[in-house]
Amino acid sequence: ARSRTVGELLAPTSPFDKKCGRENWTVAFAPDGSYLAWSQGHRIVKLVPWAQCLNNFLLHSTKNGSTAASPRLPRQSSESSQRSKPCEHVIDCGDIVWSLAFGSSVPEKQSRCVNIEWHRFKFGQDQLLLATGLNNGRIKIWDVYTGKLLLNLMDHTEVVRDLTFAPDGSLILVSASRDKTLRVWDLKDDGNMMKVLRGHPNWVYGCAFSPDSSILCSVGASKAVFLWDMDKYSMLRKLEGHHNDVVACEFSPDGALLATASYDTRVYVWDPHIGVILREFGHLFPPPTPIFAGGANDRWVRSVCFSHDGLHVASLADDKMVRFWRIDEEYPVQVAPLNNGLCCTFSPDGSVLAAGQDGSVYFWATPRQVCSLQHLCRMAIRRVMPTSQVKNLPIPCKVLEFLCYQI
């Protein structure tokens, strides 16, 4: 089946007349669905209200616009009229933008820095930040509502390839870089760098937090997939199975599964708690043998993401296709064409997939399927229990099998 197009946001043709540097390496939604941000290339990041985008798509007679639920607007603050209505911003980051991440604050979450007497910033409940990772190794933090620069984080020596905020509202930010390190920043402590995570033998391409913020996955060159304990800042385990550079990763909404995408033309779905591959999604048939896994560069997988229902995975490859997979089926359930696609992500409500290409963003309606009772039960219990605890429950073996992702 072919996925239905929802709409598109095209980059201006001028003054971006040079091809180099125009790539859209990253697109991101705010956690509350209020904003969409993407890199238009040539240092520029565009911030637009997501509800406004959907309305524009409907005005242009997009037939399937009704499949996308209206997202919630950001929390309004009576102290600031600027936040009463989301507005569009164009941000010049000063260098090529490789990564973006939204972060929202929960006031009760304290900074991990022990002796704090003074802060430059007091982030309230209605705060929404945008982090941008740049070609020169800097990370710039912006206020989404005003478009103003708040912080300039400098410590990486190479490209900041990916950024991710802890989902718990603590404003802990992790950056992945080509300098072979991951760095942990505390934005509630005015951007203090708390820890450097070392272990990658080569470039780090991506990183992602588990939904409970306790585990970080990082992926990179030399087939690397690492899991980190974010309470102790120590490595939990290495996941082995890919045959080439691993470039993207994401946890399922319940934290029970991990999807990784690699240049070996495969997407693997793992049980990260025991390090087992549960499902392989191939983009080349027959799949290349390990010795040739780096040669099929027209099938390299560039990006992977989980839908909010935990049932679907989207992948984007160099064969000019976007694919939607069910975690319990071997072949894609829907496909869509896209030339030179580099990144993709689901909207917070899971109704739309956004994919970036050459400064522009394209949107498709995602598969809408009723989840099975088994999947709903697994999602419910796995939000609070890892694999080992589920297997130790004093319940019949058949019920244990029912609750485990033995795909």
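Quick reminder: no glycine exception, Cβ is built from N, Cα and C everywhere.
Straight from TrEMBL, the features:
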{"type": "COMPBIAS", "residues": "64-84", "note": "compositional bias 'Polar residues'"}
{"type": "DOMAIN", "residues": "372-407", "note": "domain 'SOCS box'"}
{"type": "REGION", "residues": "64-86", "note": "region 'Disordered'"}
{"type": "REPEAT", "residues": "123-152", "note": "repeat 'WD'"}
{"type": "REPEAT", "residues": "153-195", "note": "repeat 'WD'"}
{"type": "REPEAT", "residues": "197-238", "note": "repeat 'WD'"}
{"type": "REPEAT", "residues": "239-271", "note": "repeat 'WD'"}
{"type": "REPEAT", "residues": "301-335", "note": "repeat 'WD'"}
- Just give the helix, strand and coil counts over the repeat 'WD' (239-271), going by DSSP. 0 helix, 17 strand, 16 coil
- Query: Taking all residues of the repeat 'WD' (239-271) together, what is their mean pLDDT?
  - Reply: 94
- With a Cβ cut-off under 8 Å, give me the same-chain residues at least six positions beyond the ends of the repeat 'WD' (153-195) that come close to it. 31, 98-106, 109-113, 116, 119-121, 123, 129, 131-135, 137-141, 201-209, 211-213, 216, 218, 220, 228, 230, 233
- Could you give the residue numbers and ranges of same-chain residues that sit at least 6 residues beyond the repeat 'WD' (197-238) on either side and whose C-beta is under 8 angstroms from one of its C-beta atoms? 161-168, 170, 172, 174-178, 180-184, 244-251, 253-255, 258, 260, 262, 270, 272, 275, 383
- Task: With DSSP as the yardstick, break the repeat 'WD' (197-238) down into helix, strand and coil residue counts.
- Result: 0 helix, 25 strand, 17 coil
